[in-house]
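Per Swiss-Prot, these features apply:
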type	residues	note
DOMAIN	7-131	domain 'VOC 1'
BINDING	His10, His217, Glu265	Fe cation binding site
DOMAIN	152-269	domain 'VOC 2'
Amino acid sequence: MAKKTMGIHHITAIVGHPQENTDFYAGVLGLRLVKQTVNFDDPGTYHLYFGNEGGKPGTIITFFPWAGARQGVIGDGQVGVTSYVVPKGAMAFWEKRLEKFNVPYTKIERFGEQYVEFDDPHGLHLEIVEREEGEANTWTFGEVTPDVAIKGFGGATLLSEQPDKTADLLENIMGLERVGKEGDFVRYRSAGDIGNVIDLKLTPIGRGQMGAGTVHHIAWRANDDEDQLDWQRYIASHGYGVTPVRDRNYFNAIYFREHGEILFEIATDPPGFAHDETQETMGEKLMLPVQYEPHRTQIEQGLLPFEVRELD
């Protein structure tokens with residue numbers, strides 16, 4: 001039986017200094033830092049999670065900040081553009097806000113929608129689009145109030161070394177619906193109302209190189225542990241090499257690299273980011289995986305200090 005994902009769970013990228021990263025995603029874009037922890041495989045590196053007030057799936061962008069990291073190259077085998085969705089009528093606010101913080105942007109139209117495209121301080125390609133769908137983000141930070149706040153992901157643009165094979169995966173395995181073709185892009189839509197629109201570029205542009213300003217992986221939603229195990233079996237049955245389940249504290253994760261060389265993850269919606277903090281205090285303290293807690297002092301000494309601060 002075919003399966004269907006509700007859409008994007010989170011997107012994880014590599015960036016530079018954590019203060020620059022936090023100033024942009026919290027200070028400029030108004031997202032909430034819902035979790036500060038460390039990389040499970042490299043406890044000397046932060047893992048920072050930004051999203052809506054509740055840190056819900058479909059709103060979470062996560063970062064490995066490496067100060068002084070080599071600049072990456074955006075290209076095939078990666079998410080090329082991360083799309084954010086805002087309420088109808090909010091675009092004028094965002095254009096003024098980007099201007100206020102001297103962030104250059106361009107306006108484009110794709111599939112009948114108006115987008116504002118810009119880069120973060122470390123070179124990640126971002127865009128904003130207005131849509132009715134998706135619940136409002138009730139978080140207020142600085143001048144970013146719920147009537148204009150980013151709701152979460154509008155979706156993403158995928159760059160593939162083998163677009164035909166990636167297209168087959170999206171439609172026939174991940175369960176997305178093909179809803180249109182325009183120029184060099186095919187559009188897919190998932191069943192969810194956030195993180196639900198995927199544009200696939202049909203022409204390869206050259207292999208990307210991992211580094212600052214590039215996306216490391218895109219994660220798709222599984223309802224729960226049982227659903228994730230179904231996904232694991234289902235994907236493996238189609239010839240993909242899938243990892244064992246990995247406990248990431250706030251979700252369980254499995255990974256596989258699709259034929260276009262993009263690293264895919266399937267992550268469970270539960271338990272979520274209030275798993276080890278209260279909803280009210282999420283993101284305020286460094287939370288460590290249990291195996292690293294005995295080494296907290298040493299780990300904290302090796303991490304660059306940063307703070308969430310209003311820039312308005």
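Even glycines carry a Cβ here, placed using N, Cα and C.
Because the structure is a prediction, the values reported are computed rather than measured.
His217 (Fe cation binding site) falls within a strand segment according to DSSP. Each of the binding-site residues His10, His217 was scored by other CB atoms within 10 A of its CB, and the lowest score goes to His217.
Highlighted in sequence order, His9, Ile11, Thr12, Thr62, His216, Ile218, Ala219, Trp220, Ala253, Tyr255, Leu263, Phe264, Ala267 have their Cβ within 8 Å of the centre of the Cβ atoms of His10, His217, Glu265, the residues recorded for Fe cation, and are not part of that set.
The Cβ of Glu265 (Fe cation binding site) has 22 other Cβ atoms within 10 Å, all protein chains considered. According to DSSP, the domain 'VOC 2' (152-269) comprises 23 helix, 50 strand, 45 coil.
Taken as a whole, the domain 'VOC 1' (7-131) shows an average pLDDT of 98 in this prediction. Sorting each residue of the domain 'VOC 1' (7-131) by its DSSP state yields 21 helix, 62 strand, 42 coil.
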